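As structure tokens, the structure follows; a few thoughts come after it.
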Amino acid sequence: MDRKQCCVKLSVEPSRGLVDEKFTVLVQNVSPGSQLTVHALHRCEDQYTWEAFAHYIANASGTVNVSEDLSLGGTYSGVEPMGLLWSLRPVPGSKPGLRMRKVKVQTPMEIRISVYQGHQTEGFTAQVPLAGVLVERWYMAPGVQRVLITEGGLTATLFLPSGPGPFPGLLDLWGGEGKLVEYRAALLASHGFASLALDYLTPKITLETGKMVDNTYFETAFRVLQQHPLVLGSRIGMMGLSLGASFTLKMAIYSKVVKLRCVVCINGSHVQPVNGSVDEMLEFCTRNAEKTRFNEENQVIWRDLLLPIPTDPALKVDVGQLQCPVMLVVAEDDQNWPANESAQDMKEMMEQAGNSHLLTILSYPNAGHLIEPPYTPHFRATVFKTVNQHQKVMALWGGDTVPHSRAQEDAWRKTLAFLRENLYGSTNTAAASVSV
């Protein structure tokens, strides 16, 4: 290493920001033409470690700008400003099937960005970097409030945006693994929506009674959100991923209580027993369990459980009755849920009913089931614990890393615009600042 390399400068701007905010990584004061590896390291709350890295060559001024320069290899290649995040993967030797999910949203994700001499591929922790910077990525913007909700037997968390309010509201439902998942609702609140994360599969009331909740549970959640003094009760939307999308559609169409301004369904389906609730939906899937497939790696493929799309009106939500705008986010390589086939059938149903003007479909080739906020790593298959059978399997979600990452970024941007238009009434961002 020459003397100049001892004075390497590494900067990341902003070093503190929201998880969906881009940053710029700049390496300066290195020898022109030198080979460098830029490395990202993150230790999750479950103590598993993830890394990403890319190979660069410094330009004539001794600089590497990750936002503009070409990666020649590593966990991603090409010009990828946020590749150090979306290409994160478990370090070698980690157990298979890991998934990175933030649990304690009151604290940031901490990522150590470092630069090493040469084009390295392993053994980073045993080497001394030329320079390093600790980066904070937050789901909660400054001023966002986190409020635990137990009213009405709910297991939920309400995130209130910064500012005096009142704010539009959003019910946020996740999928079939249960638990109270807060990070998306926290991020939505950081963009100006009072967001209620709801556990409907494993809430306290179910753990105590052994009984699944019925549809009134979702109606109670809506009322709690609607009646909150900082929420605009006439401007509430609902978002669901996977199984959560099933109940989002059902509530939007059949509930006499839940009156929504808009709906977002991420890789979901309208196929379900129309007159049933959570228990009946899970039983419906269990009855079709013989349609389960396994790939050559023994990963579970569940997408066929709801196929073929039924013609029986008792087995699919009548989206022709929808009276509010709906956005369907569809991953075309979803191996867990028949999102693509369901979206096409919903489109046909709405065209026949004359309400297709309310429908927006975002469809993404080679994207998988778990479409999350931008720069979340792609998980093609992870360990999944079924709620009704309590067994762990390796679930195949599908997708390829680069197109999936593109889909997450595009879908999030368009989802926020859709929510602003329908809940705020304009495309103006009456939202919290994205800088932390």
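Every residue, even glycine, has its Cβ placed from backbone N, Cα and C.
Pulled from TrEMBL, these are the features on record:
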- 214-424: domain 'BAAT/Acyl-CoA thioester hydrolase C-terminal' (DOMAIN)
- Ser242: active site, charge relay system (ACT_SITE)
- Asp334: active site, charge relay system (ACT_SITE)
- His369: active site, charge relay system (ACT_SITE)
Next on the checklist: Sequence gap of 6 or more, Cβ distance under 8 Å: name the residues on the same chain that satisfy this around His369 (active site, charge relay system), in order along the sequence.
Outcome noted: Ser242, Asn267, Ala331, Asp334, Gln335, Asn336, Trp337, Ala339, Trp397, Gly398, Gly399
Next on the checklist: Looking only at the domain 'BAAT/Acyl-CoA thioester hydrolase C-terminal' (214-424), what is the model's average confidence as pLDDT?
Outcome noted: 96
Checklist outcome for this item: If you count the other CB atoms within 10 A of the CB of Asp334 (active site, charge relay system), including all protein chains displayed, you should get 28
Checklist entry - Within 10 Å of the Cβ of Ser242 (active site, charge relay system), how many other Cβ atoms can be counted across all chains shown? => result 24
